[in-house]
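Student: Have a look at this one.
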Amino acid sequence: MSPPVALYSNPVDVVVDLAKKELATKNGTLPTVDGTTYKTVEDMQGNWENFKFAPIRESQVSRAMTRAYFKDLDTYAESDIVIVGAGSCGLSTAYMLAKTRPDLKIAIIEASVSPGGGAWLGGQLFSTMVLRKPAHLFLDSINIPYTSTPENPNYVTVKHAALFTSTLLSRVLSFPNIKLFNATCVEDLITRPSPSSPSGIRVAGVVTNWTLVTMHHDDQSCMDPNTINAPIIISTTGHDGPFGAFSVKRLVSMGATEKLAGMRGLDMNSAEDAIVKGTREIVPGLIVGGMELAEVDGANRMGPTFGAMVLSGVKAAEEALRVFETRKGECEE
Ligand code: 48N
């Protein structure tokens, strides 16, 4: 008997199916493999001897994964906006953009298998995340609980940084117009000549590869990359480090920027204002935010407070939409 053909339906159908399935489960009309009809997961408890999963063939799993991924690669090969780096700034940017413009195709490229960057813990591996007001308003907008005390009216604390990052990540991934390509590294920028720009170039997309491939270019024969075209790239790859500050360092190495000022010592009060207010398009088509910007401007670092990351994301999203609207025609080549 030939194996069942996995009829791949697009994500919307799957969501509709799940809705229908939930309804059928609730009203008890959903037949299950073992003849019993579960209404809830609790129904399974105490009844494990009859428990059985629906049958599957391995190729169905393979086709479900590969068809979805290659469909996404095809869809996002031409994106409206690419965000490089899914740390607290990149994710805040993505949330604000997708909420404001559900019509835009937004690709997030994250080098690590686990998105979230440095926002899974507070400072020195402590759990609590501190955000100075008014960044608490961003927490309100995505319904993250926090503590604010009368004796410390200028900041709030989220009980665990992972609560912030997991909630923000789930909000971002729930948008149908966002695709996260994690374990994927941006290893170069697509550029176009731009005589009117001091840098002589305009950024028009990103060059990507599996991160594990990027890490082994020195010990393997040539492994060429893939590409994503987009009129606007928002780079939030963090401060300098093995993968950090990627786009701005690449601008220097391609001669589009003279040099980086380099991040300065820790000064919370000046750092956070400078990063938020400085978030901007630094060469046509490339907006930089979060701690990557500190490397460009020589801003101070702020250490373990995250308000500037989320509000830099709010500003980066606003900058991107401004550029998108004012330079749409030019961006399409
Ligand atoms: O969390 P980060 O590193 O960067 P930001 O700017 O979102 O947040 C910075 C913040 O965590 C701090 O550093 C805090 C506030 N401390 C400040 C201080 O003074 O110490 O996220 C950057 C993300 C990471 O997930 C990287 O894996 C990713 O960017 N990334 C890349 N992804 C794809 N391609 C690349 N080339 C790349 N480089 C970095």
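Each Cβ is built from the backbone N, Cα and C atoms, and glycine gets one as well.
TrEMBL lists these features:
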BINDING   CYS89, GLU110, ALA111, GLY118, VAL186, ASP224, HIS239, MET291, ARG301, MET302, GLY303  substrate binding site
MOD_RES   CYS222  2,3-didehydroalanine (Cys)
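Can you walk me through where each of these features ends up in the structure?
Tutor: Remark: CYS89 (substrate binding site) has GLY117, THR236, GLY289, GLY290, MET291, MET309, VAL310, SER312, GLY313, ALA316 as non-local neighbours, by Cβ distance under 8 Å and separation of at least 6 in sequence. In the three-state DSSP classification, CYS89 (substrate binding site) falls within a helix.
In the three-state DSSP classification, CYS222 (2,3-didehydroalanine (Cys)) falls within coil.
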Student: May I ask which of the recorded positions CYS89, ALA111, VAL186, CYS222, ARG301, GLY303 have a CB within less than 6 Å of any atom of ligand 1, listed in sequence order?
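Tutor: Listed by sequence, the hits are CYS89, ALA111, VAL186, ARG301, GLY303.
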Student: If you draw a 10 Å sphere around the Cβ of HIS239 (substrate binding site), how many other Cβ atoms fall inside it, taking every protein chain shown into account?
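Tutor: Result for HIS239 (substrate binding site): 17 other Cβ atoms within 10 Å.
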Student: How many neighbouring Cβ atoms, not counting its own, are there within 10 Å of the Cβ of GLY303 (substrate binding site)?
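Tutor: A 10 Å sphere around the Cβ of GLY303 (substrate binding site) contains 15 other Cβ atoms.
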Student: With the cut-off set at 10 Å between Cβ atoms, which of these recorded positions ends up with the most neighbours? Options: VAL186, CYS222, ARG301.
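Tutor: Compared across VAL186, CYS222, ARG301, the most Cβ atoms within 10 Å surround VAL186.
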